[in-house]
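Have a look at the structure below, then the notes.
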Amino acid sequence: MSKLFRAVILGPPGSGKGTISERVASIFGLQHLSSGDFLRQNITANTEAGILAKAYIEKGALVPDHVMTRLMLPRLEEMTRHSWLLDGFPRTLAQAEALNSACDLDVVISLNIPLETLKERLRHRWIHPASGRVYNMCFNPPRVQGVDDITGEPLIQHEDDKPEALVARLRHYKDVAKPVIDLYRAKGILHMFSDTETDRIWPYVSSLLSAKIPTDHADAQRATTH
Ligand SMILES: Nc1nc2c(ncn2[C@@H]2O[C@H](COP(=O)(O)OP(=O)(O)O)[C@@H](O)[C@H]2O)c(=O)[nH]1
Ligand SMILES: Nc1ncnc2c1ncn2[C@@H]1O[C@H](COP(=O)(O)OP(=O)(O)O)[C@@H](O)[C@H]1O
């Protein structure tokens, strides 16, 4: 079997991590694991971690490192036989160090998007809570306004995408992300992409991954995930 491939995607809220991760998952066959989606599943299921995390998320604050690592590392353990792309974790240096001691990463993708663009996108972000499907009323609107394309169920906005929580979230992101980015740059695995449009970033991400992931391996992964 080819070597497994491990990637992380970093970027502020609204930078397009989820959008790019979905494309990577479907084209390269990596398992997409989003910390935000996983937290929301835990909140819905009323798990211990979900109950602890809920209050932080509603305030637009980060969930404490020990709660995140206790949640995410066992989840990664379950995926030891898969190639994966982690979205939203690690977000702090302590989380990055915990991840480091659990596995070796091949690639870190970092999205660098102007602040005004982020604010504009998140104002228009709508979610289908049960599946995590993400829409944008300008970029990828649902076929019928306000409802999910697949299930026809209503769309909602995250509490933490509303303007009051948003500004705090974006400011805080910058402070905590810098040491994480510096760590991966020092390891020589950081690839930074700067633009205002996902569709202009995507060709570069795609060619980076095409060069790093052997084709037969991507085919084999797809066969096991579909
Ligand atoms: N206008 C516009 N919206 C985008 C673009 N890329 C993603 N979005 C939307 O911006 C919002 C944030 O994207 P998402 O992938 O959820 O970002 P994440 O928070 O980093 O995971 C979503 O509503 C996306 O549909 C883009 O290039 N242009
Ligand atoms: N690695 C993490 N560390 C701490 N908190 C996290 C982490 N991942 C997600 N969260 C919490 O979950 C919320 C939603 O995460 P997510 O869906 O990834 O947001 P976004 O896609 O807007 O960046 C964050 O605002 C934060 O409160």
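Numbering starts at 1 and runs along the chain as it is shown here.
In case you wondered, yes, glycine gets a Cβ from its N, Cα and C as well.
Its Cβ placed at the centre, GLY16 (ribonucleoside 5'-triphosphate binding site) has 26 other Cβ atoms within 10 Å. In this structure, GLY16 (ribonucleoside 5'-triphosphate binding site) belongs to neither helix nor strand by DSSP; it is coil. Look at TrEMBL and you will find GLY14, SER15, GLY16, LYS17, GLY18, THR19, ARG125, VAL134, TYR135, THR198 tagged as ribonucleoside 5'-triphosphate binding site.
Here the region 'NMPbind' (34-63) has long-range neighbours at 17-18, 21, 70-72, 75, 86-89, 91-92, 129, 132, 159-160, 164-166, 168-169, 172, 176, meaning same-chain residues at least 6 beyond its ends whose C-beta is under 8 angstroms from one of its own. Per TrEMBL, region 'NMPbind' is recorded for 34-63.
Of all Cβ atoms in the protein chains displayed, 19 besides its own lie within 10 Å of the Cβ of ARG91 (AMP binding site). Under the three-state DSSP scheme, ARG91 (AMP binding site) falls in the coil class. Residues annotated as AMP binding site in TrEMBL: SER35, ARG40, ALA61, LEU62, VAL63, GLY88, PHE89, PRO90, ARG91, GLN95, ARG169.
Away from its own ends, the region 'LID' (124-161) comes close to residues 13-14, 18-19, 34, 37, 40, 44, 57-58, 60, 169, 198 of its chain (Cβ-Cβ under 8 Å, at least six residues beyond either end). Taken from TrEMBL, the feature region 'LID' applies to 124-161.
TrEMBL lists 125-160 with the feature domain 'Adenylate kinase active site lid'.
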Pick the one among the binding-site residues PHE89, TYR135 whose Cβ has the fewest other Cβ atoms within 10 Å in this structure.
TYR135
For the binding-site residues GLY16, SER35, PHE89, ARG125, TYR135, which sit with their CB under 6 angstroms from an atom of ligand 2?
SER35, PHE89
Around the C-beta of ARG169 (AMP binding site), how many further C-beta atoms are within 10 angstroms, looking at every protein chain?
20
Taking ligand 1 as the reference, state which of the binding-site residues GLY14, ALA61, ARG91, ARG169 have a Cβ closer than 6 Å to one of its atoms.
GLY14
